[in-house]
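Chemist: Structure in structure tokens, see below.
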């Protein structure tokens with residue numbers, strides 16, 4: 001009997017271990033692909049957006065437009081579509097009368113690379129590029145009639161790239177030489193975006209004089225910031241072109257884009273590599289970056305997390321059954337109701353009423369020269385009837 005006790009306890013332990021293994025396997029199977037997919041997307045972003053802003057007008061600021069269009073070209077090449085890019089250009093250099101090559105904007109000397117191309121979609125142009133419109137785009141506080149192309153329709157799973165270039169100083173960036181945005185206003189706008197769940201992670205890049213002062217006041221989480229120069233330093237231009245008569249780009253953006261040309265959608269290059277692209281020996285100014293608000297290690301953040309639109313895909317051989325959910329949805333709404341439900345549009349113009357309405361009767365007004373001609377006729381009749389000798393009785 002004494003020898004049977006250890007064998008019995010050993011059998012019970014084996015049985016308990018077997019039940020534990022079966023329970024784990026059943027839980028893994030019960031979870032299914034749905035739970036796996038949910039866990040897969042929980043850790044990262046699902047979409048990318050870019051807001052690219054040039055704040056300078058006039059021909060001598062040609063390089064600022066070229067900076068912005070060059071970044072626009074790079075993010076489109078890496079997969080971000082125009083529907084997810086908000087492009088703001090304060091001046092149209094392609095159509096400027098001084099442009100020796102109309103409908104082009106070049107970023108390399110000798111006119112080697114035309115970054116304007118034939119498929120540029122400018123969302124805000126000329127006097128639409130204001131501090132108010134920029135802040136409204138970021139925070140989503142825009143009128144209901146604003147078209148979709150002028151909206152930043154991001155969410156809490158969006159990684160957003162914000163690039164700005166123009167003339168600035170310690171704590172401000174000028175918009176069209178008429179107004180300016182301060183680093184406090186920018187920091188508060190990012191905080192509103194975070195509170196309204198408009199981004200997952202945000203990369204802020206600015207190419208302007210004393211650019212590092214623009215990210216000093218940031219206090220919202222998950223923001224990584226880069227600048228072309230430190231406080232007290234100028235951001236210098238690059239690539240002078242004798243044919244066009246101006247500098248084509250700024251130094252910092254030039255070397256950043258030279259770096260991005262080597263990036264492809266499947267690249268494993270990380271943000272630490274981007275920090276090193278323009279040392280002081282090349283930029284003359286001292287580029288800066290800030291990562292203390294960012295939760296991830298920059299060495300583990302891919303360049304394509306912000307400059308591209310790489311979708312996470314996991315291949316599964318299991319079948320996902322959606323019939324049950326679709327059937328439940330259809331049972332709530334009759335088929336006729338689903339098919340005949342009218343579409344509603346915000347602030348739609350009453351086109352039918354405008355076409356069929358009768359023309360409004362206009363009030364009659366005498367022509368512009370009618371009164372003057374009438375007075376001239378009266379004076380002629382007076383002179384013909386009474387002559388000059390009676391003029392003294394009139395005055």
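Positions of Cβ are set from backbone N, Cα and C atoms, glycine also.
Annotated signal peptide per TrEMBL: 1-27, in sequence order. Residues or ranges marked as active site by TrEMBL: 167. For 209, the entry in TrEMBL reads active site, nucleophile. Residues or ranges marked as transmembrane segment in TrEMBL: 364-383.
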Chemist: The residue listed as 'active site' to the residue listed as 'active site, nucleophile': how many Å between their Cα atoms?
Modeler: 7
Chemist: Using a Cβ-Cβ cut-off under 8 angstroms and a sequence gap of six or more, which residues of the chain neighbour residue 209 (active site, nucleophile)?
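Modeler: Residue 209 (active site, nucleophile) has long-range Cβ partners 167, 168, 169, 229, 233, 234, 235.
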Chemist: Among all protein chains shown, how many Cβ atoms are found within 10 Å of the Cβ of residue 167 (active site), not counting that one?
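Modeler: Residue 167 (active site): 18 neighbouring Cβ atoms within 10 Å.
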